[in-house]
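I have placed the structure first, in the form of structure tokens, so that the comments after it can refer back to it.
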Amino acid sequence: MQFPMGPACIFLRKGIAEKQRERPLGQDELDELREAFLEFDKDQDGFISYKDLGNLMRTMGYMPTEMELTELGQQIRMNLGGRVDFEDFVELMTPKLLAETAGMIGVQEMRDAFKEFDANGDGEITLAELQQAMQRLLGEKLTPREIAEVVQEADINGDGTVDFEEFVKMMSR
């Protein structure tokens, strides 16, 4: 099916989720969507910015192209005021969630992987934690320089650690 504005528009057509569904989302799927949404709703106001949408979609296992994100961003700014609430997010994600259920990495799996690296559970992976995890999980002893390079590449905000959002971005590359 072709849409005049490109493939990402499947998310934005009015009522498309209803037409595309072969089945309704199960409670587990809705719970996973809500959990992922809340993870990115940093100020807990019930909205995420269109800028966070790409990261959130990656958390859900869908790897949008830059073109899709650009199209979604343009549409969200025009149609949804630049912010997405949970209901809009469910409508955006339902077709993809149903189409790509097989083989997806869900938020729980991503969080479990993060916890393997975040030894002290403070929500941040430090250089020392990464070095220990690499040795424990992969049997690889990386040099301090190699560990620093990995963290530097993933550390978007420059605080010297890798938080969950940065971990998701790193894992989706």
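Backbone N, Cα and C atoms are what each Cβ position is placed from, and that goes for glycine too.
Here's what Swiss-Prot has on this protein:
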- D41, D43, D45, D52: Ca(2+) 1 binding site (BINDING)
- D118, N120, D122, E124, E129: Ca(2+) 2 binding site (BINDING)
- D155, N157, D159, T161, E166: Ca(2+) 3 binding site (BINDING)
- 28-63: domain 'EF-hand 1' (DOMAIN)
- 82-99: domain 'EF-hand 2' (DOMAIN)
- 105-140: domain 'EF-hand 3' (DOMAIN)
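In sequence order, F117, A119, G121, G123, I125, T126, T161 are the same-chain residues whose CB sits within 8 A of the CB centroid of D118, N120, D122, E124, E129, the residues recorded for Ca(2+) 2 being left out. Residue pair D122 (Ca(2+) 2 binding site) / D52 (Ca(2+) 1 binding site) shows a Cα separation of 22 Å. Nearest to D45 (Ca(2+) 1 binding site) in space, judged by Cα atoms and limited to the binding-site residues N120, E129, E166, is E166. Counting same-chain residues at least six beyond the ends of the domain 'EF-hand 3' (105-140), those with a Cβ under 8 angstroms from any Cβ of the stretch are 32, 35-36, 39, 59-61, 147-148, 150-151, 159-164, 167-168, 171. Counting only the Cα atoms, the space from E129 (Ca(2+) 2 binding site) to T161 (Ca(2+) 3 binding site) is about 10 angstrom. Put simply, of the binding-site residues D41, D159, T161, the one whose Cα is nearest the Cα of E124 (Ca(2+) 2 binding site) is T161.
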